[in-house]
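Now, the feature entries from Swiss-Prot:
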BINDING   Asp108, Asp223  Mg(2+) binding site
Amino acid sequence: MKGIILAGGSGTRLYPITRGVSKQLLPVYDKPMIYYPLSVLMLAGIRDILVITAPEDNAAFQRLLGDGSDFGIRLQYAVQPSPDGLAQAFIIGEEFIGNGNVCLILGDNIFYGQSFTQTLKQAAAKTHGATVFGYRVKDPERFGVVEFDENFNALSIEEKPQQPKSDWAVTGLYFHDNRAVEFAKQLKPSARGELEISDLNRMYLEDGSLSVQILGRGFAWLDTGTQESLHEAASFVQTVQNIQNLHIACLEEIAWRNGWLTKKDVETRAKHLEKTAYGQYLLHLIGK
(Lines of atoms letter the chains of each structure in order from A and count residues from 1; the text may use other names and numbers.)
(Lines give C-alpha, C1' and ligand atoms only; values in the text may rest on other atoms or scores of the structure.)
Protein backbone atom coordinates (compact mmCIF):
# COMPACT_ATOMS: atom_id res chain seq x y z
CA MET A 1 0.00 0.00 0.00
CA LYS A 2 1.29 3.42 -1.01
CA GLY A 3 -0.05 6.85 -0.19
CA ILE A 4 -0.65 10.01 -2.20
CA ILE A 5 -1.29 13.47 -0.79
CA LEU A 6 -2.85 15.83 -3.32
CA ALA A 7 -1.65 19.27 -2.28
CA GLY A 8 -2.14 21.21 -5.50
CA GLY A 9 -4.71 23.82 -6.37
CA SER A 10 -4.50 27.57 -6.02
CA GLY A 11 -6.49 28.10 -2.81
CA THR A 12 -8.41 31.02 -4.29
CA ARG A 13 -11.02 30.97 -1.52
CA LEU A 14 -8.24 31.93 0.90
CA TYR A 15 -6.89 34.89 -1.10
CA PRO A 16 -4.92 37.01 -0.35
CA ILE A 17 -3.34 34.61 2.18
CA THR A 18 -2.53 32.07 -0.53
CA ARG A 19 -1.21 34.50 -3.14
CA GLY A 20 2.34 33.77 -1.98
CA VAL A 21 2.15 30.36 -0.31
CA SER A 22 0.42 27.04 -0.87
CA LYS A 23 -2.69 26.53 1.23
CA GLN A 24 -1.30 23.22 2.49
CA LEU A 25 1.72 25.02 3.95
CA LEU A 26 -0.37 27.39 6.04
CA PRO A 27 -0.32 26.81 9.81
CA VAL A 28 -3.17 25.01 11.51
CA TYR A 29 -2.43 26.05 15.09
CA ASP A 30 1.12 24.76 15.67
CA LYS A 31 1.84 22.71 12.54
CA PRO A 32 1.79 23.12 8.76
CA MET A 33 -1.48 21.90 7.28
CA ILE A 34 0.31 19.15 5.32
CA TYR A 35 1.26 17.45 8.62
CA TYR A 36 -2.37 16.47 9.23
CA PRO A 37 -3.01 14.37 6.09
CA LEU A 38 0.53 13.02 6.32
CA SER A 39 -0.23 11.80 9.84
CA VAL A 40 -3.30 9.94 8.56
CA LEU A 41 -1.24 7.95 6.07
CA MET A 42 1.33 7.18 8.75
CA LEU A 43 -1.38 6.01 11.16
CA ALA A 44 -2.54 3.65 8.40
CA GLY A 45 0.96 2.17 8.36
CA ILE A 46 1.90 3.69 5.00
CA ARG A 47 5.56 4.67 4.63
CA ASP A 48 5.92 5.28 0.88
CA ILE A 49 4.18 8.55 0.06
CA LEU A 50 3.95 10.80 -3.00
CA VAL A 51 3.22 14.49 -2.45
CA ILE A 52 1.64 16.12 -5.52
CA THR A 53 1.83 19.92 -5.60
CA ALA A 54 1.38 22.86 -7.92
CA PRO A 55 4.60 23.48 -9.90
CA GLU A 56 5.45 26.73 -8.12
CA ASP A 57 5.13 25.16 -4.64
CA ASN A 58 7.04 21.91 -5.05
CA ALA A 59 10.38 23.23 -3.79
CA ALA A 60 8.77 24.64 -0.65
CA PHE A 61 7.27 21.27 0.26
CA GLN A 62 10.63 19.60 -0.27
CA ARG A 63 12.30 22.16 2.01
CA LEU A 64 9.75 21.44 4.72
CA LEU A 65 9.57 17.66 4.54
CA GLY A 66 12.76 16.56 2.80
CA ASP A 67 12.98 12.90 1.88
CA GLY A 68 10.81 11.94 4.86
CA SER A 69 13.62 10.35 6.87
CA ASP A 70 13.02 12.75 9.79
CA PHE A 71 9.66 11.00 10.16
CA GLY A 72 10.70 7.44 9.32
CA ILE A 73 9.01 7.51 5.91
CA ARG A 74 10.01 7.75 2.25
CA LEU A 75 8.70 10.78 0.37
CA GLN A 76 8.64 11.48 -3.34
CA TYR A 77 7.29 14.55 -5.10
CA ALA A 78 5.42 15.27 -8.31
CA VAL A 79 3.59 18.24 -9.81
CA GLN A 80 0.05 18.73 -11.07
CA PRO A 81 0.51 21.31 -13.84
CA SER A 82 -3.04 22.58 -13.43
CA PRO A 83 -5.93 21.61 -11.11
CA ASP A 84 -7.61 19.16 -13.48
CA GLY A 85 -9.37 17.03 -10.90
CA LEU A 86 -8.68 14.77 -7.94
CA ALA A 87 -8.68 11.58 -10.02
CA GLN A 88 -5.74 12.93 -12.02
CA ALA A 89 -3.58 12.07 -9.00
CA PHE A 90 -3.67 8.39 -9.99
CA ILE A 91 -2.44 9.19 -13.50
CA ILE A 92 0.33 11.45 -12.21
CA GLY A 93 1.30 8.80 -9.67
CA GLU A 94 1.07 5.77 -11.97
CA GLU A 95 4.77 4.91 -11.87
CA PHE A 96 4.94 5.54 -8.13
CA ILE A 97 1.90 3.33 -7.43
CA GLY A 98 3.29 0.43 -9.44
CA ASN A 99 1.35 -2.81 -8.97
CA GLY A 100 0.07 -2.17 -5.46
CA ASN A 101 -2.94 -0.54 -3.86
CA VAL A 102 -3.10 3.13 -2.96
CA CYS A 103 -4.60 5.56 -0.47
CA LEU A 104 -5.34 9.10 -1.66
CA ILE A 105 -5.89 11.90 0.83
CA LEU A 106 -6.49 15.58 0.15
CA GLY A 107 -3.92 17.94 1.59
CA ASP A 108 -6.46 20.22 3.27
CA ASN A 109 -8.50 17.62 5.19
CA ILE A 110 -8.10 17.09 8.94
CA PHE A 111 -9.41 13.98 10.70
CA TYR A 112 -9.59 13.27 14.41
CA GLY A 113 -11.37 10.59 16.41
CA GLN A 114 -11.06 7.61 18.70
CA SER A 115 -9.95 4.29 17.16
CA PHE A 116 -9.09 6.04 13.88
CA THR A 117 -5.87 4.03 13.54
CA GLN A 118 -7.79 0.76 13.69
CA THR A 119 -10.31 2.05 11.14
CA LEU A 120 -7.53 3.05 8.76
CA LYS A 121 -5.69 -0.24 9.05
CA GLN A 122 -8.88 -2.18 8.32
CA ALA A 123 -9.36 -0.20 5.11
CA ALA A 124 -5.69 -0.61 4.17
CA ALA A 125 -5.90 -4.38 4.66
CA LYS A 126 -8.54 -4.80 1.93
CA THR A 127 -7.00 -6.19 -1.23
CA HIS A 128 -9.90 -5.63 -3.62
CA GLY A 129 -12.20 -2.72 -4.32
CA ALA A 130 -12.38 0.78 -2.90
CA THR A 131 -13.38 2.34 0.42
CA VAL A 132 -14.71 5.85 0.93
CA PHE A 133 -15.30 7.48 4.31
CA GLY A 134 -18.71 8.97 5.02
CA TYR A 135 -19.39 11.82 7.44
CA ARG A 136 -22.87 13.10 8.29
CA VAL A 137 -23.36 16.78 7.41
CA LYS A 138 -26.24 19.27 7.59
CA ASP A 139 -25.72 20.55 4.03
CA PRO A 140 -24.93 17.51 1.86
CA GLU A 141 -25.65 19.41 -1.36
CA ARG A 142 -22.24 21.07 -0.92
CA PHE A 143 -20.38 17.74 -1.05
CA GLY A 144 -20.00 14.47 -2.84
CA VAL A 145 -22.73 12.32 -1.29
CA VAL A 146 -22.83 8.55 -0.82
CA GLU A 147 -25.90 6.38 -0.22
CA PHE A 148 -25.35 2.89 1.23
CA ASP A 149 -27.18 -0.19 2.52
CA GLU A 150 -27.19 -1.83 5.97
CA ASN A 151 -23.96 -3.67 5.09
CA PHE A 152 -22.23 -0.39 4.16
CA ASN A 153 -22.11 -1.26 0.47
CA ALA A 154 -22.48 1.88 -1.63
CA LEU A 155 -25.74 2.22 -3.57
CA SER A 156 -25.11 5.59 -5.21
CA ILE A 157 -22.53 8.35 -5.23
CA GLU A 158 -23.11 11.85 -6.57
CA GLU A 159 -21.14 15.09 -6.71
CA LYS A 160 -22.95 18.05 -5.08
CA PRO A 161 -26.49 16.81 -5.88
CA GLN A 162 -29.39 19.26 -5.75
CA GLN A 163 -31.53 16.59 -4.07
CA PRO A 164 -29.16 14.41 -1.99
CA LYS A 165 -30.16 10.79 -1.40
CA SER A 166 -28.46 10.83 2.00
CA ASP A 167 -26.79 13.25 4.37
CA TRP A 168 -23.47 11.40 4.30
CA ALA A 169 -20.69 13.41 2.67
CA VAL A 170 -17.70 11.69 1.10
CA THR A 171 -14.57 12.93 2.84
CA GLY A 172 -11.21 13.54 1.19
CA LEU A 173 -9.80 10.11 2.06
CA TYR A 174 -9.97 7.16 -0.34
CA PHE A 175 -8.52 3.64 -0.43
CA HIS A 176 -8.35 1.99 -3.88
CA ASP A 177 -6.99 -1.17 -5.37
CA ASN A 178 -4.61 -0.95 -8.31
CA ARG A 179 -7.42 -0.60 -10.85
CA ALA A 180 -7.69 3.08 -9.87
CA VAL A 181 -4.95 3.97 -12.35
CA GLU A 182 -6.70 2.40 -15.34
CA PHE A 183 -10.10 3.67 -14.21
CA ALA A 184 -8.69 7.21 -14.01
CA LYS A 185 -7.35 6.92 -17.56
CA GLN A 186 -10.85 6.05 -18.80
CA LEU A 187 -12.47 9.14 -17.28
CA LYS A 188 -13.59 12.07 -19.37
CA PRO A 189 -13.56 15.62 -17.98
CA SER A 190 -16.76 16.72 -16.29
CA ALA A 191 -18.73 19.85 -17.15
CA ARG A 192 -16.26 21.85 -15.07
CA GLY A 193 -13.33 20.32 -16.98
CA GLU A 194 -12.03 18.01 -14.25
CA LEU A 195 -11.45 14.28 -13.79
CA GLU A 196 -13.87 13.74 -10.92
CA ILE A 197 -13.12 11.37 -8.06
CA SER A 198 -16.86 10.68 -7.79
CA ASP A 199 -16.85 9.37 -11.36
CA LEU A 200 -13.92 7.10 -10.58
CA ASN A 201 -15.58 5.79 -7.42
CA ARG A 202 -18.74 5.19 -9.43
CA MET A 203 -16.79 2.72 -11.56
CA TYR A 204 -16.11 0.71 -8.41
CA LEU A 205 -19.77 1.09 -7.44
CA GLU A 206 -20.90 -0.34 -10.77
CA ASP A 207 -18.93 -3.55 -10.26
CA GLY A 208 -20.10 -3.88 -6.65
CA SER A 209 -16.74 -3.19 -5.01
CA LEU A 210 -17.27 0.22 -3.38
CA SER A 211 -17.71 0.09 0.39
CA VAL A 212 -18.37 2.86 2.90
CA GLN A 213 -16.68 3.36 6.25
CA ILE A 214 -18.67 5.62 8.56
CA LEU A 215 -16.99 8.28 10.69
CA GLY A 216 -19.67 8.58 13.34
CA ARG A 217 -20.45 10.39 16.58
CA GLY A 218 -17.41 11.78 18.35
CA PHE A 219 -15.41 12.04 15.16
CA ALA A 220 -14.24 15.29 13.59
CA TRP A 221 -13.67 15.92 9.89
CA LEU A 222 -12.48 19.45 9.22
CA ASP A 223 -12.16 21.19 5.88
CA THR A 224 -9.85 24.19 5.75
CA GLY A 225 -10.93 25.82 2.51
CA THR A 226 -12.12 29.17 3.91
CA GLN A 227 -10.77 31.69 6.41
CA GLU A 228 -13.51 30.74 8.86
CA SER A 229 -12.96 26.99 8.60
CA LEU A 230 -9.18 27.46 8.84
CA HIS A 231 -9.64 29.40 12.07
CA GLU A 232 -12.08 26.80 13.41
CA ALA A 233 -9.63 23.99 12.65
CA ALA A 234 -6.82 25.79 14.49
CA SER A 235 -9.08 26.40 17.49
CA PHE A 236 -10.14 22.74 17.51
CA VAL A 237 -6.53 21.50 17.51
CA GLN A 238 -5.57 23.97 20.23
CA THR A 239 -8.49 22.96 22.45
CA VAL A 240 -7.91 19.21 22.11
CA GLN A 241 -4.17 19.50 22.71
CA ASN A 242 -4.59 21.75 25.75
CA ILE A 243 -7.19 19.48 27.34
CA GLN A 244 -5.50 16.14 26.64
CA ASN A 245 -1.86 17.24 26.65
CA LEU A 246 -1.45 15.10 23.53
CA HIS A 247 -0.54 16.47 20.12
CA ILE A 248 -2.58 15.88 16.99
CA ALA A 249 -0.51 15.01 13.90
CA CYS A 250 2.85 14.86 15.66
CA LEU A 251 4.72 12.99 12.92
CA GLU A 252 7.74 12.09 15.04
CA GLU A 253 5.51 10.59 17.73
CA ILE A 254 3.60 8.47 15.21
CA ALA A 255 6.85 7.26 13.64
CA TRP A 256 8.28 6.39 17.07
CA ARG A 257 5.17 4.50 18.14
CA ASN A 258 5.20 2.67 14.80
CA GLY A 259 8.81 1.62 15.37
CA TRP A 260 10.07 3.69 12.45
CA LEU A 261 12.19 6.03 14.62
CA THR A 262 14.22 5.19 17.71
CA LYS A 263 14.09 7.17 20.94
CA LYS A 264 17.49 8.58 19.99
CA ASP A 265 16.12 9.71 16.62
CA VAL A 266 13.28 11.56 18.35
CA GLU A 267 15.66 13.15 20.85
CA THR A 268 17.92 14.41 18.06
CA ARG A 269 14.94 15.88 16.23
CA ALA A 270 13.56 17.42 19.43
CA LYS A 271 16.81 19.17 20.29
CA HIS A 272 16.62 21.08 17.01
CA LEU A 273 13.18 22.28 18.15
CA GLU A 274 13.72 22.55 21.91
CA LYS A 275 12.88 26.26 22.03
CA THR A 276 9.37 25.45 20.83
CA ALA A 277 6.41 23.83 22.57
CA TYR A 278 6.52 21.15 19.86
CA GLY A 279 10.12 20.28 20.70
CA GLN A 280 9.38 20.24 24.43
CA TYR A 281 6.48 17.87 23.77
CA LEU A 282 8.82 15.46 21.96
CA LEU A 283 11.33 15.56 24.82
CA HIS A 284 8.58 14.91 27.35
CA LEU A 285 7.30 12.06 25.19
CA ILE A 286 10.57 10.14 25.43
CA GLY A 287 11.13 11.01 29.07
CA LYS A 288 13.84 13.63 28.65
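These residue numbers are counts, starting from 1, taken along the chain as shown.
Cβ atoms here come from the backbone N, Cα and C positions, even for glycine.
Counting other C-beta atoms within 10 Å of each candidate's C-beta, the binding-site residues Asp108, Asp223 are led by Asp108. Under DSSP, Asp108 (Mg(2+) binding site) is assigned to coil, being neither helix nor strand in the three-state scheme.
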